[in-house]
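Asks: Dumping the structure here so I can ask a few things about it.
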Amino acid sequence: MTEMSDYEMSLPIYCSAKANKLIMQYVFQGLEIIRLTETFTFNPKEGIDNPVMVTIEDADSVSTPSPRLCVLKRDEGESYGFNLRVERGRQGHIVRNVVSGGVAGFSGLKDGDRLLEVNNCFVEDIPHPEVAGKIRLSGNQLCLLLLDGEEYEQAVSRGEDLQSLVSAHKGEGCRPPRLCHITRDPASGLGINFTPVEGTGGRFSVSLAAGGAAEKAGVCKGDHLVWIDGTTVSDFTHSALSRMIKKCGNHITILVIDGESEKNYLRQRRPILPAMAVPHNLPHRARRLHLVSEADTYGFLLRLEKAASGRKSHVLRAMESGSPAEKAGMKDGELLLEVNGEAVESLKHEEIVDRVRQSGEQISLTTISLVGLEFYTQLGLSPLLFCEDAAVEREKESSVSASAAEQAPQKEMDDSCKLRYCSVRKGPLGFGFNLDSVPQGPGTFISQMAFGGSGQRAGLCVGDVVMEVDGQNVEDKSLEDVIMLVKEGGHFISLLVMYKTNMRREQTDTPTRDIPDSEVKK
């Protein structure tokens, strides 16, 4: 080879066609021009057979990151067999210590993987304790979407939108399932029938009585049944399902999904889990209470009490009149589930009291009634899956005056129904609001707001009806469709909203649907 300058070099040229198949590659920093010092002859019978003419893949070419779905199933009391960590100097929720031969290892998790979704909820922008909580609340089955650690770091370095990457991977037509509680009507019964899907076993379509109990509870025509009262129906015969319906009494709780979405879930081998569901008409919900101390007290007592069943619970008692506890909506006899987002189930009573005392001027408590806890226990679900903010309950109570507002002068109606745009940028904990809708009623509205969150700073208020999402009209869209549009909006969304003081709320005991990357803290 001849001497090379900064911008030229000579490559050896081989005369033999067979020898020309040997490619010698030289890489030099700063090289911009390759000057050939030899020529070659083109033989049309053999084609171009020169190494410098061989097309090789550009070293700078970038492959699209490929997320992978891992479904974990464990036995009662068994560990999933991995840790989830945040590490200094590294981004994302990192999978570590995958146990060889354990549930996670068998399901395909690898050390260094980054977690993108938990049960269809995008978690990249969610605080680590909340992500860990979602895994804990999922029970014995878990659906995770992961990205290889190296691919993740390359994607982040290129500034790729990971949520768009996830949306592209999942494709369209994957609406969330719905968890619906149906109360038997004395005259028309449950208002629902199930028909086996032709050519399949353990799959049943839904038919409804118009205006019946099931339709009012959020079940839709053409839905497919996934789960009933805590039991999946994939192994049921039609006769077995019919017997179960007869034994259910006056109430059933079912998990349903529209037929097209079910096909997409099955195609992707994605399980359909209650933890993914939009709740409808559930009779009991855990509540988040936000207390601000006055005169160094919250005004309630916390007692450890033993029920007749022998179960011990941390019970809220003795709310003082006019105290922060009473103002927040605390009820005597409610059970304490969380303190500032931390579950108290495994804590000693003294440890819980210490956490309350160390909270300072403000505290967040998650509570539920004893009957409510029993309801979720029978279903095999955690009551923390479907929480609502106590402020929503107060909003419902204030809606009693809605009918009077309908009779107000038109000017007052106009003042209460003004349209406004709110631009919301996702914060460290998300957009900071939850959405809800009234079953069989029009419109999706803001049902919960995180105090000091992005939504509140943008001017959103509880009760705002969402008219547009990023310029797309959503007045006639379902709650699930609006949630999908918000999720697909990325890190910045523009909402056209209208605050209606006269909005009907007679049926707003339907639990709110948390947007997956919600900023509302437990």
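Using the three backbone atoms N, Cα and C, a Cβ is placed for every residue, glycine included.
According to TrEMBL, the domain 'PDZ' annotation covers 68-150, 179-260, 286-365, 421-501.
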Asks: With Cβ distances under 8 Å as the criterion, find the stretch in 68-150, 179-260, 286-365 that has the most pairs with the domain 'PDZ' (421-501).
Replies: 68-150
Asks: Please list the DSSP helix, strand and coil residue counts for the domain 'PDZ' (179-260).
Replies: 16 helix, 33 strand, 33 coil
Asks: Take the domain 'PDZ' (179-260) and average the pLDDT across it for me.
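Replies: Mean pLDDT across the domain 'PDZ' (179-260) comes out at 89.
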